[in-house]
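Swiss-Prot annotations:
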BINDING   G182, D183, R184, A185, T186, G187, K188, T189  ATP binding site
SITE      S375  site 'Required for activity'
REGION    527-666  region 'Disordered'
COMPBIAS  545-590  compositional bias 'Basic and acidic residues'
COMPBIAS  591-601  compositional bias 'Low complexity'
COMPBIAS  623-641  compositional bias 'Basic and acidic residues'
Amino acid sequence: MTPTPDAPAAAAADAATGAGWLARRRGALARVALAPVAQAIGRVERVADGIAFVSGLEDTMLNEVLRFEGGVTGFAHTLDEDLISVVLLDPDAGVRAQTAVARTGAVLEVPAGPQLLGRVVDPLGRPLDGGAPLDAAHTLPIERAAPAIIERDLVSEPLDTGVLIVDALFTIGRGQRELIIGDRATGKTSLAIDAIVNQRHSDVICVYVAIGQRASAVRRVIDAVRRYGAPERCVFVVAPAACAPGLQWIAPFAGFSIAEYFRDRGQHALVVVDDLTKHAATHRELALLTREPPGREAYPGDIFYVHARLLERAAKLSAALGGGSLSALPIAETDAGNLAAYIPTNLISITDGQIVLDSALFAANQRPAVDVGLSVSRVGGKAQHPALRAASGRLRLDYAQFLELEAFTRFGGLTDARLRAQITRGERIRALITQPRFRALRTLDEVVLLKALAAGALDAMSPDLVAPLRERLPAWLDARIAALTPALAPPRDWLADDAALDALAESVGELIERIAADAARRATAGMPAEDAAGDIGGAFGGEQARGDADRDADHGANREVSREVSPEASREVSREVSCEVSHEADRDAAADAARVAGRAPGRAEPDRAAPRAMPDGPPRAQADGDRASASRPRPDARGDAARTAPSPQGGADANVDAEAEARHKR
């Protein structure tokens, strides 16, 4: 740059100005009162199993975040007089004795806000789905006080799950805490995921919290929600079994804080905690490692308080606070169905009801395997839709009476027509509440089904056809509603119109007739039982049809054996299968054996000692048939001379029968 003619003058002015600035700065420093600022630095005394014992930080707060040299973080779990037990939130690599520790002055917080929707994060808000880091502009502490009584409102709105047995018998309200409890592998997570998937058409934000689960199981849950539900309105907080115990411990608290962000803004949220049994085991592990005194089943004394202060955060807020709600579906696992264990009894007493899943019902292919006698909702009809409450009035009583009658009739038959009708009705109810996964029903579908059941429209229907009825009902109702709605008519609340609901329920009879006609047409067309059931009834009808086909194949096999073997062996085979087939099948087998021997079937002597079936029971025992066979004439296959033998006790026929009976007994 070429200097200007006034450059010497400008340089002299800058020198004077710089000297003045330096003098002013020195004067300012002379007037500053310097005070020493000290930062407490603690030291690690020992570390083991994810717990570090730190000294030198006497002013540390409970749940305060501490930062170790090297970047590892943890939170203060217990505060003793000399040592602080710090639960590490990261792998403890690099943390050893004499490692420096510093306070941060902040408690554990988690990011919250709309940016979490559709994301998979850990309890600290760190992404696990490979996406971009979250904006931490808004955070909430993981430990927050539950709403006060004056801040709450009554639970009066239903949280629709789409599962008929839950919505009809054990209604869950917005702001309620309903425990899902049962043995391992009884469908607890499946029931909770069905509730999440059904919110795809509602305004509920869902938060799924996985604690100590296998990574593969968590991945299946996420894939199911992404395929059938609305993942853009869900948040997945994952603390798998491989992560640090500290992350597993704070996971449910972080999930509730994320859901509270939406509740406090007048929205509705649902939290599924899977599961609190593993969380209790993690709390026990941390308590034993930090030398807390153990109590019942080695759990510390504050385990009830830990879960109570967590679940009390679920509530329906008053209208003055926006009217938002936070519902909770905690999951707990029992051991051999023991509901009287420590953790199950604690959770049952904390929550507003429980849905008990039974392993025997699950093994009997009843899904969901809800035990009607042990399950309860303490909110129930207060949050149920009026139309659904009216339609399901006697459902639970009728089903409970059916279960009692079914257990009683296993020891004998029924002669009362009224009891037989009650058994038939109970079988229809059981088929109706057996619902496949991801086949949610609308409230209108549930009301119409229950009204049709109460009107007797399903009494003449085979239980195998209930599954196709449930599958085809939504489309059928949509078509009927379109036909009943005038052109350019305003939107109509069909659930509030009793006459319209009755008309829709009556139309179900026509749908049942069509389904039965389709089934009959497929049967007459010779379609295999598996294919017909698959087209009509889905998986459940298919299994029933496969069972019928297997029984038909057994009867056919018995007849083929009777045709191919010798007369003596035919009599022995017929005697052996007489306990398993009906009296008619025995007569067919005898006729076939006579035809093989060259004798007309019409001349065969009737089998007077065939086993008689009890009324709704099995045939008489084999021993009764054997004793009767010694005092009756038996059809022989050796010609007319043998058929006209004067005495069944002697001759060749008696010898053959005695030899066959001896071989059978041996």
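Quick reminder: no glycine exception, Cβ is built from N, Cα and C everywhere.
For the binding-site residues R184, K188, the greatest number of Cβ atoms within 10 Å around a candidate Cβ is found at K188.
Counting only same-chain residues six or more apart in sequence, the Cβ atoms lying under 8 angstroms from the Cβ of A185 (ATP binding site) belong to S359, F362. Between the binding-site residues G182, G187, the minimum number of other C-beta atoms within 10 Å of a residue's C-beta occurs at G187. The Cβ of S375 (site 'Required for activity') has L169, F170, G353, Q354, I355, V356 as same-chain neighbours under 8 Å, each 6 or more residues away in sequence. Counted over every protein chain shown, other Cβ atoms within 10 Å are most numerous around T186 among the binding-site residues D183, T186, T189. Within 8 Å of the Cβ centroid of the ATP site, not counting the listed residues G182, D183, R184, A185, T186, G187, K188, T189, the chain contributes E333, L357, S359, F362.
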